[in-house]
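A.B. asks: What follows is a single structure, and I will ask about it in a moment.
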Amino acid sequence: MTCDLVVFNISQLVTVSGNEGLRCGQEMREVEIIENGYIVVHNGTFLEVGCGDVPKHYINDHTKMIDASGLTVTPGLIDSHTHLVHGGSREHEFEKKLSGIPYLDLLKQGGGILSTVKATREATFTELYKKATKSLNTMLLYGVTTIEAKSGYGLNLENELKQLEVAKKLNDDHPIDITSTFLGAHAVPEEYKNRKEDYIKEVLEMLPIIKERKLADYCDVFCEEGVFTIEESRHILNAAKNQGFKLKIHADEIVAQGGATLASELECVSADHLMASTDQDIENLVRNKVVANLLPQTSFNLNKTYANGRHMVDMGCGISLSTDYNPGSSPSENMQLVMQLASIKMRLHPKEVITAVTKNAACSINQEAQKGSIEKGKEADFVIFDAPNLDYLLYHFGINHVKDVFKNGKQVVKDQAICY
C-alpha cells in the first residue's frame with residue numbers, strides 16, 4: 001500500500017500514545033520520544049510511526065516526502081479554553097490594570113466583560129467572523145490545530161446565538177477544528193443589574209434552544225465571587241446536564257469558593273483556572289478524574305499567582321494547558337508561550353507540558369480517540385518545529401518555533417506562512 005505523505009529523518013518525534021484515558025500525575029511523563037523517526041500519512045490519518053528507514057512499499061511517484069532533519073515533530077496543539085468570537089478589544093483598560101484596579105472591579109464599573117459584551121452586540125456576524133478568522137490564523141501559525149471556543153459575550157439569546165453561529169461557520173470553513181461551549185453565565189448584563197435571578201432564568205431558557213440547534217456541546221459557568229455563586233453555578237450546570245450538555249466550569253480563579261469541588265461533584269469534563277484552589281479541591285478533582293485546565297497566560301497578564309501545576313501533578317491531577325484567549329485577561333493566541341510559562345512558572349517538566357497540550361487537552365474536549373497523539377488511525381494533525389528537541393522548544397522562549405503545520409494530512413502552514 002502506498003501513501004500520500006512521509007515525514008522522515010525527524011530529530012525527535014514526540015507523542016503520547018496508547019491508553020486513551022486522561023494521563024494523571026506521574027503518567028504525564030510517559031511520553032514517547034523517537035529519534036530519527038518517521039511518520040506515514042494516508043487519507044488524512046496516520047498509517048505508521050517508526051524510526052530509521054521508511055519501508056519502501058509506502059512510497060511511489062505521488063508520495064510527498066518531507067525531510068525533517070534537525071527538526072522536532074509533535075501532535076497538533078489543542079487549545080481547550082478560548083473566548084474566540086468577540087467584538088472589539090480592551091486596550092483602553094490597560095493603564096487602569098497597571099495602576100492596580102482589580103479585574104472584578106472593572107466588571108463592577110461596567111467595564112471588563114461587559115465592555116466586550118457591548119462591542120459584541122454591536123458587531124455584525126461578518127465582522128465577528130473576520131476578526132475570529134484572523135485569530136484562528138494566528139493560532140494555526142503557532143501550531144494549534146483544534147480549539148474549544150466559548151460564547152459569553154452576548155448575554156442575551158440573539159447575541160449568544162450569533163457568537164455560536166459564527167463559531168459553527170468557522171468550524172466549517174477554517175482548517176482548525178472548533179468545539180463550542182455555551183457560556184451564557186459569564187456575567188450579569190447591565191439590563192439585569194440587581195436582578196441576577198431573572199438573568200439566570202433567561203440563561204436556563206437559552207439552553208434548549210442552543211441544544212436544539214446543535215450549536216454547543218458544552219455548558220460553562222463563571223463561578224466566582226461577585227459573578228455566580230456555587231449554588232447558582234450548580235443550578236445552571238445541572239439544568240444544562242439535564243438538557244444533554246457536557247459540563248465545564250471557570251473555578252477558583254480569584255477566590256477559593258469551592259468551584260473545583262463543584263466540578264468534581266457534577267462530573268464536569270474540566271475545571272479551568274484553579275489559581276486559588278485548595279488541596280481539598282485538588283483531591284476532589286483527582287478522585288473523579290476531572291481535567292485541571294490551567295491558564296498561565298492569564299496569571300501572567302493579570303500579574304496574579306499562577307496555579308500550582310507542580311503540586312497538582314504531584315497530587316495525581318491530570319493537567320491540560322490553554323491560552324484562555326480573550327480581549328481582557330489574556331489577549332494572546334500564543335500557545336507556545338503558554339507551554340513556556342507552564343514550564344518556567346509552574347515548574348512542569350517538558351514531558352508533562354507536551355502531554356498537557358496534546359493528549360490531556362484532547363481529553364478535556366472528549367476527543368482523545370481522534371486527536372492528541374501521533375499513532376496509527378488517528379487524525380494526521382501534527383507540527384514540525386524548527387527545534388532540535390522538546391527541551392529546546394521550551395528553553396528558547398518568546399519566539400515562534402513552528403516551521404510547518406499539517407491538518408488531516410494537508411499542509412496548512414509552510415515555512416511559517418499560511419498556505420491553506
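Cβ atoms are placed via backbone N, Cα and C, with glycine included.
Note: TrEMBL annotation is automatic and uncurated.
In case it helps, TrEMBL gives these features for our protein:
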- 72-412: domain 'Amidohydrolase-related' (DOMAIN)
- His81, His83, His250, Asp324: Fe(3+) binding site (BINDING)
- His81, His83, His250, Asp324: Zn(2+) binding site (BINDING)
- Arg90, Tyr153, His186, Glu253, Ser329: 4-imidazolone-5-propanoate binding site (BINDING)
- Tyr153, Asn326, Gly328: N-formimidoyl-L-glutamate binding site (BINDING)
A.B. asks: What is the set of residues, excluding His81, His83, His250, Asp324, whose C-beta falls within 8 angstroms of the centroid of the C-beta atoms at the Zn(2+) site?
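C.D. replies: What remains near the Cβ centre is Thr82, Lys150, Asp272, His273, Leu295, Thr298, Ser322, Tyr325, Asn326, Ser330.
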A.B. asks: Which binding-site residues (Arg90, Tyr153, His186, Asn326) fall within 10 Å of His83 (Fe(3+) binding site) by Cα distance?
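C.D. replies: So the list is Tyr153, Asn326.
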A.B. asks: Return the single residue from the binding-site residues list (His81, His83, Arg90, His186, His250) that has the minimum number of other CB atoms within 10 Å.
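C.D. replies: Selected from the binding-site residues His81, His83, Arg90, His186, His250 on minimum Cβ neighbours within 10 Å: Arg90.
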A.B. asks: Which value does the mean pLDDT take for the domain 'Amidohydrolase-related' (72-412) in this predicted structure?
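C.D. replies: Averaging the confidence scores along the domain 'Amidohydrolase-related' (72-412) gives 97.
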A.B. asks: Using the centroid of the Cβ atoms of Tyr153, Asn326, Gly328 as reference, list every other same-chain residue with Cβ within 8 Å of it (recorded N-formimidoyl-L-glutamate site), in sequence order.
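C.D. replies: For the N-formimidoyl-L-glutamate site, the extra neighbours are His83, His86, Arg90, Ile113, Thr116, Gly152, Pro327, Ser329.
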A.B. asks: Could you tally the C-beta atoms, other than its own, that fall within 10 angstroms of the C-beta of Tyr153 (4-imidazolone-5-propanoate binding site)?
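C.D. replies: For Tyr153 (4-imidazolone-5-propanoate binding site), the count of other Cβ atoms within 10 Å is 30.
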A.B. asks: Measure from the Cα of His186 (4-imidazolone-5-propanoate binding site) to the Cα of every one of the binding-site residues His81, His250, Asp324, Asn326, Gly328, then give the nearest.
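C.D. replies: Smallest Cα separation from His186 (4-imidazolone-5-propanoate binding site) among His81, His250, Asp324, Asn326, Gly328: His250.
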A.B. asks: Going by C-alpha distance, which of the binding-site residues His81, Arg90, Tyr153, Glu253 is nearest to Gly328 (N-formimidoyl-L-glutamate binding site)?
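C.D. replies: Out of the listed candidates, the nearest Cα belongs to Arg90.
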A.B. asks: Tell me the Cα distance separating Asn326 (N-formimidoyl-L-glutamate binding site) from Tyr153 (4-imidazolone-5-propanoate binding site), rounded to the nearest angstrom.
C.D. replies: 10
A.B. asks: Measuring Cα to Cα, how many Å separate His250 (Fe(3+) binding site) from Ser329 (4-imidazolone-5-propanoate binding site)?
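C.D. replies: It is 13 Å, counting Cα to Cα.
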A.B. asks: Show which residues of the chain containing Glu253 (4-imidazolone-5-propanoate binding site), separated from it by at least 6 in sequence, have their CB under 8 Å from its CB.
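C.D. replies: Those within reach of Glu253 (4-imidazolone-5-propanoate binding site), by Cβ under 8 Å and sequence separation of 6 or more, are Glu224, His273, Leu274, Met275, Ala276, Thr298.
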A.B. asks: Looking at the binding-site residues Arg90, Asn326, Ser329, whose Cα is closest in space to that of His81 (Fe(3+) binding site)?
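C.D. replies: Smallest Cα separation from His81 (Fe(3+) binding site) among Arg90, Asn326, Ser329: Asn326.
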A.B. asks: How far is it from Asp324 (Fe(3+) binding site) to Arg90 (4-imidazolone-5-propanoate binding site), counting Cα to Cα, in Å?
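C.D. replies: Per the Cα atoms, Asp324 (Fe(3+) binding site) and Arg90 (4-imidazolone-5-propanoate binding site) stand 15 Å apart.
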A.B. asks: Rounded to a whole number, how many Å is the Cα of Arg90 (4-imidazolone-5-propanoate binding site) away from the Cα of Asn326 (N-formimidoyl-L-glutamate binding site)?
C.D. replies: 10
